Amino acid sequence: MSVPLLKIGVVLSTMAMITNWMSQTLPSLVGLNTTKLTAASGGTLDRSTGVLPTNPEESWQVYSSAQDSEGRCICTVVAPQQTMCSRDARTKQLRQLLEKVQNMSQSIEVLDRRTQRDLQYVEKMENQMRGLESKFKQVEESHKQHLARQFKAIKAKMEELRPLIPVLEEYKADAKLVLQFKEEVQNLTSVLNELQEEIGAYDYEELQNRVSNLEERLRACMQKLACGKLTGISDPITIKTSGSRFGSWMTDPLAPEGENKVWYMDSYHNNRFVREYKSMADFMNTDNFTSHRLPHPWSGTGQVVYNGSIYFNKYQSHIIIRFDLKTETILKTRSLDYAGYNNMYHYAWGGHSDIDLMVDENGLWAVYATNQNAGNIVISKLDPNTLQSLQTWNTSYPKRSAGEAFIICGTLYVTNGYSGGTKVHYAYQTNASTYEYIDIPFQNKYSHISMLDYNPKDRALYAWNNGHQILYNVTLFHVIRSDEL
């Protein structure tokens with residue numbers, strides 16, 4: 001049994017003893033033995049004992065109760081009015097008894113408060129113990145679940161590793177086969193060394209000629225493989241995020257071996273400064289560049305770098321300028337006859353993109369529109385040194401409806417727009433003067449293409465898309481006849 005319950009039992013026993021003693025002793029003290037059922041104020045009494053004299057106003061009235069409605073012991077003594085008789089021995093004894101009863105009642109109240117406090121403490125401790133017991137059960141169940149999960153994970157891992165057993169067996173067999181091949185190659189090498197010693201000088205020269213002939217045929221084959229029909233464009237590769245919404249960037253397809261400079265031109269008009277980065281890595285990771293100031297501002301985003309020179313359209317004119325980047329001098333200027341300029345025949349996105357210069361495997365090109373061709377696209381093959389037009393083709397595609405354009409292997413490819421979903425849907429073959437509508441989608445990742453050019457060295461499309469410099473790899477389809485080898 002808990003401590004609070006023991007204390008409550010002691011209190012109730014003490015109260016019962018006091019009540020019994022008072023009911024037997026008080027009447028004998030005052031000389032009365034009358035029993036009466038009554039009620040006390042402040043609560044309903046289960047049992048009351050009254051001591052009533054013949055004249056209640058001149059004597060004591062004592063009431064005792066086992067408990068009230070709240071479970072507490074009530075002892076009440078009503079003193080009579082003071083008279084000369086109150087000084088007798090019995091009155092003195094009653095007063096002393098009253099003081100004892102009052103002291104005992106106060107002690108009982110203190111004991112009751114302590115009991116209530118201890119009971120609350122025990123209940124609190126009991127709740128905490130129940131909480132700890134629940135937590136221990138949860139920890140135990142969680143531990144079991146954790147072990148089960150670990151077991152399942154190990155079992156799943158074993159199931160994943162099980163298929164590797166036959167692979168390991170095959171690997172062992174392949175290792176033996178590789179050793180066997182190695183021995184055979186060593187034997188073959190020794191045989192070839194013996195044959196080389198037996199072959200004379202004449203036979204060696206004949207073999208060398210055959211090898212040279214084969215190299216020439218392979219080189220011709222590679223040249224044919226360099227050109228083909230566009231069949232696919234890869235997902236974009238973001239190289240850098242820099243500059244305004246409009247601009248152009250490029251590398252030189254005829255740069256010396258080992259040189260990989262990047263040229264960067266922000267904005268589409270009334271700007272003269274060209275940034276030169278030493279390498280693609282510098283362009284991607286640093287802001288270390290050399291600045292070149294052009295003698296005239298450019299127009300549009302159709303500039304190209306070709307064989308050490310930059311070709312651009314002079315602002316508010318149809319003049320093309322060739323500027324040497326090494327000596328920083330103008331090498332040649334020429335007017336592109338009848339070409340529209342100053343936003344007369346721009347691409348769909350605007351931006352003074354009337355004249356677009358391009359480079360492919362065949363050299364330098366200019367794409368523009370004229371009044372004579374009703375604003376439709378015109379293609380001119382240019383001499384890179386003199387800028388003279390070598391040959392011109394008139395197409396039936398309106399230049400203002402084109403999003404952007406680029407040339408691969410002499411074929412002009414035109415996109416249907418510059419924002420949102422974009423695709424290449426028109427192709428004009430200059431070698432046959434024919435065109436066709438195609439459907440080659442590509443991802444317009446940043447929703448605003450203002451420059452799209454092909455680089456034959458990298459076989460990739462360079463694009464400026466809403467302040468992002470990106471690359472697209474291209475897939476070309478080749479058809480080579482056996483008599484061409």
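Each residue, glycine too, has its Cβ placed from N, Cα and C.
Here is what Swiss-Prot records for this protein:
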SIGNAL    1-16  signal peptide
CARBOHYD  ASN33  N-linked glycosylation site
COILED    87-225  coiled coil
CARBOHYD  ASN103  N-linked glycosylation site
CARBOHYD  ASN187  N-linked glycosylation site
DOMAIN    226-478  domain 'Olfactomedin-like'
DISULFID  CYS227-CYS409  disulfide bond
CARBOHYD  ASN288  N-linked glycosylation site
CARBOHYD  ASN307  N-linked glycosylation site
CARBOHYD  ASN394  N-linked glycosylation site
CARBOHYD  ASN431  N-linked glycosylation site
CARBOHYD  ASN473  N-linked glycosylation site
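Here the features listed in Swiss-Prot are painted onto the structure.
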| residue | record | contacts (Cβ under 8 Å, 6+ apart) |
| --- | --- | --- |
| CYS227 | disulfide bond | GLU361, ILE408, CYS409, GLY410, LEU476, HIS478 |
| ASN288 | N-linked glycosylation site | TYR277, LYS278, ASP282 |
| ASN307 | N-linked glycosylation site | ASP252, LEU254, PRO384 |
| ASN394 | N-linked glycosylation site | ASN373, ASN376, VAL378 |
| ASN431 | N-linked glycosylation site | GLY410, THR411 |
| ASN473 | N-linked glycosylation site | ILE233, SER234, ILE237, ARG459, ALA460, LEU461 |
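For the domain 'Olfactomedin-like' (226-478), the model gives a mean pLDDT of 96. The 10 Å shell around the Cβ of CYS409 (disulfide bond) contains 18 further Cβ atoms across the protein chains shown.
For the recorded site, ASN394 (N-linked glycosylation site), the DSSP three-state label reads strand.
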